[in-house]
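Single-structure report; data block below.
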Amino acid sequence: MNTILAQQIANEGGVEAWMMAQQHKSLLRFLTCGSVDDGKSTLIGRLLHDTLQIYEDQLSSLHNDSKRHGTQGEKLDLALLVDGLQAEREQGITIDVAYRYFSTEKRKFIIADTPGHEQYTRNMATGASTCDLAILLIDARKGVLDQTRRHSFISTLLGIKHLVVAINKMDLVDYREETFARIREDYLTFAEQLPGDLDIRFVPLSALEGDNVAAQSANMRWHSGPTLLEVLETVDIQRAVDRQPMRFPVQYVNRPNLDFRGYAGTLASGSVKVGERIKVLPSGVESSVARIVTFDGDKEEACAGEAITLVLNDDIDISRGDLLLAANETLAPARHAAIDVVWMAEQPLAPGQSYDVKLAGKKTRARIEAIRYQIDINNLTQRDVESLPLNGIGLVEMTFDEPLALDIYQQNPVTGGLIFIDRLSNVTVGAGMVRELDERGATPPVEYSAFELELNALVRRHFPHWDARDLLGDKHGAA
């Protein structure tokens, strides 16, 4: 067992008390990103090493791996703690998104180590989609690079408001303050073009030597700010979803027997209470909450992020992909939207193409109507293009086959974020964030017979895995 972990358990008075203390710690999800060879994996390895999160057998294995695959001579290659793929170790790069967990006395952390190579930018976007904070690594010898700008823009596009600019490899520039100051000024000049109200902090460090990572550096006494670990432990993360109206996308209809019907999913935003009136979209039917069922038993109230099963007082038609919200909330389903897109496929995105799109639990089809512009990540300017290439970022106009209950992504990432799926290969080819909703161009009303509506309801109720379209929802949306 890790000696520091054993000591923590002893201090808490046993395993159960220690586990209870862990549950009450706040959780910070963050990612490391930046250009190639800026030291992202080494930084994570250093954090794990200096917070004593490495077990003895892992340390022994690291010594052996450093001799075979290491790039640091006789020193431990801490990057090997994170780079687990054989191709990563052979090339000395990160390809996949690697997740690691560690905790200190103040906080729990989940780290996403993302690749720096441009061809793996799509992997970086995947890692950023669930994070609250981004650590942007900059090589002190190279300064701000294109990939630094790209990752900064993607992070803010995906709703990350806290950026820690870690200027790494200060040991290779003799820990000069003027180098740090110059890079800081260059990045702040670039950051003026980034969207949103951002919290940007700067830390000069050396991941290889451990300077300013978990302990203050004796080599940079000119830096009076906190270490990287102190920033991570103290940054105040205000989740926007806690303040947003209630949104509950239905992931699964739970019917284990004839006496129970519940609607399972994760509460995307807001809160819900027993007895609260709710509305189902796209049908618009209302009911009230009878029970809130969780793994630990029934609750009177649930908050954003909790996995729950809602039991309603009325037996109404609800299927996977439907959205539950407060009855007094107004959210008109839309068929047209402007979407910020990060394209992840070799084949470019072009107007006229159709894709399956998935939003929370809802899956439907969409057509690309137009590409307004592509972002030039060097200067964040907009330019006209006929198609969006691999790793391209742009604003796209889309039309959905059926009305969807959508939010603006910056307000609610769950109900405002979607993925593009190739209809032939079933491969995820892009990520989208709703920028604007457009209710113009509604489909003319469609009249369905009573038999068609009843058959559709039966199919959606008893065969939800077929993902049958809600004809009643279409009718309301078209009207």
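Using the three backbone atoms N, Cα and C, a Cβ is placed for every residue, glycine included.
These come from Swiss-Prot:
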- 25-239: domain 'tr-type G' (DOMAIN)
- 34-41: region 'G1' (REGION)
- 34-41, 113-117, 168-171: GTP binding site (BINDING)
- 92-96: region 'G2' (REGION)
- 113-116: region 'G3' (REGION)
- 168-171: region 'G4' (REGION)
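Overlay of Swiss-Prot feature records on the structure.
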residue	record	DSSP class
G34	GTP binding site	strand
K40	GTP binding site	helix
T114	GTP binding site	coil
M170	GTP binding site	helix
Using Cβ atoms only, which residues of the same chain lie under 8 Å from M170 (GTP binding site) while being at least 6 residues apart in sequence? A140, R176, T179, F180, P204, L205, S206, D211, N219, M220
Which residue, out of the binding-site residues G34, D37, K40, T114, shows the minimum number of other Cβ atoms inside 10 Å of its Cβ in this structure? D37
